[in-house]
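These features come from Swiss-Prot:
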- 31-50: region 'Disordered' (REGION)
- 179-183: motif 'Exo I' (MOTIF)
- ASP181: active site, exonuclease activity (ACT_SITE)
- 250-258: motif 'Exo II' (MOTIF)
- SER289, SER575, LYS785, THR828, THR1073, SER1074: DNA binding site (BINDING)
- 378-386: motif 'Exo III' (MOTIF)
- 484-524: region 'Disordered' (REGION)
- 507-520: compositional bias 'Acidic residues' (COMPBIAS)
- ARG561, HIS733, GLY742, LYS747, SER842, ARG848: RNA binding site (BINDING)
- 837-843: region 'Trigger loop' (REGION)
- 866-875: motif 'Pol A' (MOTIF)
- ASP869, ASP1114: Mg(2+) 1 binding site (BINDING)
- ASP869, VAL870, ASP1114: Mg(2+) 2 binding site (BINDING)
- 922-937: motif 'Pol B' (MOTIF)
- 1113-1120: motif 'Pol C' (MOTIF)
Amino acid sequence: MSRLLWKKVAGAKVASGPVPATARWVASSVLDPVPSDGRPPSQMPSSENGQLRLNPLLIQMLSRGLHEQIFGCGGEMPDEAAVQRSVEHLQKHGLWGQPATPLPDVELRLPRLFGGNLDQHFRLLAQKQSLPYLEAAASLLEAQLPPEPKSWAWAEGWTRYGPEGEAEPVAIPEERALVFDVEVCLAEGTCPTLAVAISPSAWYSWCSRRLVEERYSWTSQLSPADLIPLGGSTSASSSTKQDGQEQLVVGHNVSFDRAHIREQYLIQDSRMRFLDTMSMHMAISGLSSFQRSLWMGAKQGKHKNPAAHKARAEVPEESQWSSESSSWDWMDISSANNLADVHNLYVGGPPLEKEPRELFVKGSMRDIRENFQDLMQYCARDVWATFEVFQQQLPLFLERCPHPVTLAGMLEMGVSYLPVNQNWERYLTEAQNTYEELQREMKKSLMDLANDACQLLSGERYKEDPWLWDLEWDLQEFKQKKAKKVKKPASASKLPIEGAGPFGDPMDQEDPGPPSEEEELQRSVTAHNRLQQLRSTTDLLPKRPQHLPGHPGWYRQLCPRLDDPAWAPGPSLLSLQMRVTPKLMALTWDGFPLHYSDSHGWGYLVPGRRDNLTEPPVSPTVESAAVTCPYRAIESLYRKHCLEQGKQQLEPQEVDLAEEFLLTDNSAMWQTVEELGCLDVEAEAKMENSGLSQPLVLPAACAPKSSQPTYHHGNGPYNDVNIPGCWFFKLPHKDGNNYNVGSPFAKDFLPKMEDGTLQAGPGGASGPRALEINKMISFWRNAHKRISSQMVVWLPRSALPRVVTRHPAFDEEGHYGAILPQVVTAGTITRRAVEPTWLTASNARPDRVGSELKAMVQAPPGYVLVGADVDSQELWIAAVLGDAHFAGMHGCTAFGWMTLQGRKSRGTDLHSKTAATVGISREHAKIFNYGRIYGAGQSFAERLLMQFNHRLTRQEAAEKAQQMYAVTKGLRRYRLSADGEWLVKQLNLPVDRTEDGWVSLQDLRMIRREASRKSRWKKWEVAAERAWTGGTESEMFNKLESIAMSDTPRTPVLGCCISRALEPSVVQGEFITSRVNWVVQSSAVDYLHLMLVAMKWLFEEFAIDGRFCISIHDEVRYLVREEDRYRAALALQITNLLTRCMFAYKLGLNDLPQSVAFFSAVDIDQCLRKEVTMDCKTPSNPTGMERRYGIPQGEALDIYQIIELTKGSLEKRSQPGP
């Protein structure tokens, strides 16, 4: 039934996906368990008890019992030639014969598996989970929908409209399927204002109480009563998973609409699921980030010739075989993500009118009331447009993502849930107060620096200051009217002036004792006379008061005028955004003072230049200093820096990787690749067709010059900045040397502040303290708007389950609620989930205000958070693809072996090997390794090397990158075409071939050159095939590229198609990097979907009370009832085992290494944090989670501990103790 419906909705036969090797399960009926009476092959090495199993490469595999339960009995051993080829490959890379310590076997009886193999098992589970929602979707597609009502009811709550438009109030729309859209008046907060829905039988509208009932003000705190009811009662007694039938809600960016549905905030999960047309569009015809910029440029008419964009980022990747012009057909089969463009792509017709939306964005509630009918029609048109898009999308989606696990996984991903309590509000308050306090302290430090700098005016000392010499030091003279001459009384001229005696007078040296009454009276008279004298001068003041006369110009610009409503004393306008601030703080880069250039942005001055000390500026285009630069002072400053650092000359040294880079999830690594412009120009294709060796191209501005320092290398020198005695170097920009740095306080420079490269100069503590505070507040400054605007709904006691209210830890005065993260379940072309706050949040750091954000997600009493990180997920996926491609054995490639058997302690893991090969830190090597797997080219490595170690020259970075790629990715080799073989024979050309018949790039170019010369420069296609050879990762990249360049790229496990906008038929040889990246990242999404399906099955099968919370890249978290926590942990371990086995099975590897079968640890905790032992101490949480919030450390359990606690069973029993 389910398969027929799937085919019916898809409109095409469901593809079976990649065909694995012969199944090794004994065929069984759907309900039969996997038989387990077979034995491993006799030639397989095993222990005395028959459980320990090693493959021919001596890698420990699943124990015999687990292998039989999952893969069945029997199995073919790889042929001797494949084994020998693998051993020789491992020997070549120094990995064969490395010692390995066997892991204890895992004795575990798995739940009953269905079908004849793992693929059938997952298909049956996913079909069971998604079938009710697929049936609901089919009812929408097949229905003849009613016409839109001509008039909309002005009534609070839901209204149903009959066939003739008659309005009838209803409690909720009792429908199995709805297309739904919510509109919010942003001026009034996050409370929903109105909504429209359509079902196969009727239209519905909803109006909020705040819209219908006019009040002076409403509370800003949301309660369930403010939200839209859509799924029954909100009382805890009736809100269980078993209540009601399955409901499907369809919307465009439906996670926004879900956040305004009342029942979705209940702790117990509901049976309502959501399908997002925006996510389905990304999976069907989504655009990569660079394609989107091209598409938008073409749409706006800014670039009539899209080929002009080839100078940027991704389009100029490796061309597949030649440098022929790019294809732009992909622009016709894709679009941006908004509803209007998506509707135009799939449906066509007149463009959607989006102007009324501005009333919700900028208007007030009164504006919405006055335009109620028009705005309801606008919302209804969006609903109808979404329905039309859905009609076209769903069959396409099921055809291009045919495995039912994909749909079931996306449905589960769409119900993310983050529980919070009163600590959330406390966190917001503490973080904001700490931020404001530090802001005030930083402001005072900066004002002190400005006031101190003014003192340099005395004796013109500023002229010898390495930073302040070029500021505006001109003084504004004090102006006054001419005074009228008045004859002074003689008595006034004879008044004694207090303190006017000569210096050294005894009256200044001795204590005169307490003043007498006469002296007191005399002083009072003197003060009064002086005051009168000052008052008499008021007539001399100019009509328009001067602004701080007697102060330098730069200082006057920092002080508000007296008539300014926001007047405050001193240089109160000073901020980090001002160009004068880095100078006042005396910032240095490696000991060189920072300097700002109008044409090149922020840089620094390197002393030692002599060729421009006497020469005037060459031309008007050359920047020159209007005042003399104190280059001697700069030389002295740098010498002092070198002595303090204990060095006479800079030497290249490794800089530790900032935690921000490591804490950025690996999914963000692809964004880093794109930001750095890592994608190679069509250099390879040009090299194949040319007779020139590959040049090392330096940026024009950084080309060797006649004048440059010998002791310093950097981004420069830029000699058009003519500073006498100094060279100007630009600060390095994360996007490349051609970009200017606008502020040295940007977050990209935080790692340089931490490692001491960028620091405040000498002269007091104000500068270093301001720099330190800037680092501390950087996270909250950038994220507080997103965090503070999170939509939190607090639940009344009646909506809380009894397990919460009866728990000893329940606080009667506390608040319990939830945040629904607005996750786009497929927000990128790789189908990765996207959400701006929670999916990108870093972990807590002791020097970052508010960075304890994730720990504020706290389980309610009686519940815990159970989750785990998938160890090296993408590395393993890439490795197992390479292993299957090379010899069909786990660990048969060097890359696969290091992933499985490598140990950090022995330096044999992937990251340690790369670090040792290139001479970089292991942390840096980790970034490079992920970048390569994501498809980044050698240019990426060069730029990232220079970003991590700015002291490297471009030549040194290029050499390191070339060495790294030669060892890891290998060298490109080519197989000659028939024409190529004929030319070699006819021209009698000497060609050096490998054992497999591959030729080098040099030989390929030689054949092309000679053939062209002998045939009057005819162009010959002499290469039929190309591959990577000789590297630790060559076979893996060959497999990834073979998938990426196939006619219809599909993920190897679930068979999901790449976006139509990246199919080879429309992009030809372009966007190779995006396509290679897609293979790994999209396979990782398959991994997540398999996990979600398996966990849902085990929770339902064994009555584990829990629900999915969130998935952050390679980790998953579930909210689980406390008494079920250990069973949920075991379910997670079994899920990981079956998911990895599914990958191996689909690739023809009917086995799995023991080292990757289970999570290294499953976390059981009361809050969301990276490690259960992290106390999350930060400036806003200085005492930690336990002392401040009462949250103790959690548990991290491995598979052996979990089996001991649960007796290896998922069945419910009396709860074991910890």
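In case you wondered, yes, glycine gets a Cβ from its N, Cα and C as well.
What Swiss-Prot annotates, mapped onto the structure for a quick look.
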| residue | record | contacts (Cβ under 8 Å, 6+ apart) |
| --- | --- | --- |
| ARG561 | RNA binding site | HIS547, TRP567 |
| HIS733 | RNA binding site | ASN715, TYR739, ASN740, VAL741 |
| GLY742 | RNA binding site | GLY601, TRP602 |
| ARG848 | RNA binding site | LYS775, MET776, SER778, PHE779, TRP780, SER842, THR1178, PRO1179 |
| VAL870 | Mg(2+) 2 binding site | TYR1087, ASP1114, GLU1115, ASN1136, PHE1159 |
Query = Here the binding-site residues are LYS747, LYS785; which one has the lowest number of other Cβ atoms no more than 10 Å from its Cβ?
reply = LYS785
Ask   = Should LYS785 (DNA binding site) be counted as helix, strand, or coil on the basis of DSSP?
value = helix
Message = Are there residues at least six beyond either end of the motif 'Pol A' (866-875) with Cβ under 8 Å to its Cβ atoms? List them, or say none.
response = 666, 899, 910, 929-930, 933, 1080-1081, 1084, 1087, 1106, 1109, 1114-1118, 1120, 1125, 1128-1129, 1132, 1136, 1156, 1159-1164
Inquiry  = Quiz question: given the binding-site residues THR828, SER842, THR1073, SER1074, which has the greatest number of C-beta atoms lying within 10 angstroms of its own C-beta?
reply    = SER1074
Query = What is the average pLDDT across the motif 'Pol C' (1113-1120)?
reply = 94
Ask   = In the region 'Trigger loop' (837-843), how many residues does DSSP put in helix, strand and coil?
value = 0 helix, 0 strand, 7 coil
Remark   = Close in space but at least six residues away in sequence, with Cβ under 8 Å from that of SER575 (DNA binding site), the same-chain residues are LYS443, LEU446, THR581
Query = Going by C-alpha positions, which of the binding-site residues (LYS785, THR828, ASP869, THR1073, SER1074) is nearest LYS747 (RNA binding site)?
reply = LYS785
Remark   = The rounded CA-CA distance in Å from ASP181 (active site, exonuclease activity) to THR828 (DNA binding site) is 22
Inquiry  = For a quick check of understanding: among the recorded positions ASP181, ASP869, ASP1114, which residue's Cβ has the most other Cβ atoms within 10 Å?
reply    = ASP181
Inquiry  = Return only the integer: C-alpha distance in Å from SER289 (DNA binding site) to ASP869 (Mg(2+) 1 binding site).
reply    = 27
Ask   = According to DSSP, how is the motif 'Exo III' (378-386) divided among helix, strand and coil residues?
value = 9 helix, 0 strand, 0 coil
Note = binding-site residues LYS785, THR828, THR1073, SER1074 vs ASP869 (Mg(2+) 1 binding site), shortest C-alpha separation belongs to THR828
Request  = Work out the three-state DSSP category of ARG561 (RNA binding site).
outcome  = coil
Note = ASP1114 (Mg(2+) 1 binding site) falls, by DSSP collapsed to helix, strand or coil, into coil
Ask   = Over all shown protein chains, what is the count of other CB atoms within 10 A of the CB belonging to SER289 (DNA binding site)?
value = 15
